[in-house]
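Here is the structure we will look at.
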Amino acid sequence: MSIIRDVYAREVLDSRGNPTIEVEVYLESGAIGRTIVPSGASTGAFEAVELRDGDKGRYLGKGVQKAVENVNQIIAPEIIGLDAVEQVVIDEMMIELDGTPNKSKLGANAILGVSMAVAKAAAEALGLPLYQYLGGVNAKQLPVPMMNILNGGAHADNNVDIQEFMIMPVGAANFSSGLRMCVEIYHNLKSVLKEKGLGTGVGDEGGFAPNLGSNEEALQVIVEAIEKTGYTPGVDVKLALDVAATELYDETEKLYRLSGEGVVKTAAEMVDFYEELINKYPIISIEDGLSEEDWDGWKLMTERLGKKIQIVGDDLFVTNTERLEKGIKQGTANSILIKLNQIGTITETLDAIEMAKRAGYTAVISHRSGESEDSTIADVAVAVNAGQIKTGAPARTDRVAKYNQLLRIEDMLGFTAKYLGEDVFYNL
């Protein structure tokens, strides 16, 4: 019933107008799985390789025809005839077929496209929603949104150094209420910015991208928007940051350059800076507060702040069990950001989440800045009971698609749906 009959890939566009790969898997039963692979702007050096063509005369070198060809001519013949429910077997076969530690031969984008499409096809063949197929009967926890409403860094053309300023509706009773709270705050933030004569254009992930006097001013206008909406900062809504500090790090001088503020800081001074911010504002989570290779700095940050806030490793861990294991052994961070295309298969993604949870780390499921209408990560978040999701502002269809899928899942789960609010930070 779930035997793979055909696999087909094509080149499509992502939310930034860059080419990406779409894969379709057809089963003998008539079931079809279709998925579009995302792409990042601020990427970790240790991520699996996203294969691009490099032909400057076509899509400025960003075409993915090589990845498409690898699916259609190399991967497809190997997996046609296999059972789509054998996810681990298929993923491991593709990893072996690639034969490199970072999937640079076939491309993580090619491999992930097939991996996700296989899972979707198998779920359809069995008549199950994807979250239940991947997570089983216990998949019932809706994630707290970590909604990016103000963009800086590599996600915007402004003078704000910190890449993402996010809100988390920890006081909501359920997911739909939490989403509504975030949307209301987002619209009120637009009003606050307009009143101050600031720009309301948006960045890659739909958050506003104004020029501000400092990174702290971003927190100030967000708190103002929360209060204007009628919610209490720190009670109903908490704040989260993605600093993307690797983008700020001068490898030669071992210093962090906050160009927007015209200052340079050591790792210890960055930790001091974060401590000042969390003492003044209701910040519950900081992602990539230091560079991906500044392990000593990360250890210091975890020692200083790890009992107060969630410290998330994105570029640090890149959804990779080897790097996560190193972090766990060193006592580095207390949370991992999960991006499927950083590692390249469903199986390896689930392995990373399992390792994190066993070590008492939280797991945050995340989109990329280059997204599409594909909503797979919404199902993954519920499948693994992650409890948190990053998928941008309520302003672009590529972001809203994930929120809408979570609303559908909440409806499907009915009274069995869970929403933990602040209890998702179980290790603080």
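Glycine is treated like the rest: Cβ placed from N, Cα and C.
Here Swiss-Prot has GLN163, ARG368, SER369, LYS390 binding (2R)-2-phosphoglycerate, and the candidate from LYS190, LYS339, LYS418 in that same listed site is LYS339. Take the Mg(2+) site that Swiss-Prot assigns to ASP242, ASP314: the candidate from GLU269, GLU275, GLU287 listed for it is GLU287. Proximity to LYS339 ((2R)-2-phosphoglycerate binding site), judged by a C-alpha distance within 10 Å, picks out ASP314 from the recorded positions GLU205, ASP242, GLU287, ASP314.
When the recorded positions GLN163, GLU205, SER369 are ranked by how far their Cα is from the Cα of GLU287 (Mg(2+) binding site), GLN163 comes first. Other Cβ atoms within 10 Å of the Cβ of LYS390 ((2R)-2-phosphoglycerate binding site), summed over all protein chains shown, number 29. Within 10 Å of SER369 ((2R)-2-phosphoglycerate binding site), counting CA to CA, the recorded positions GLU205, ASP242, ASP314 contribute GLU205. In the three-state DSSP scheme, GLN163 ((2R)-2-phosphoglycerate binding site) is classed as coil.
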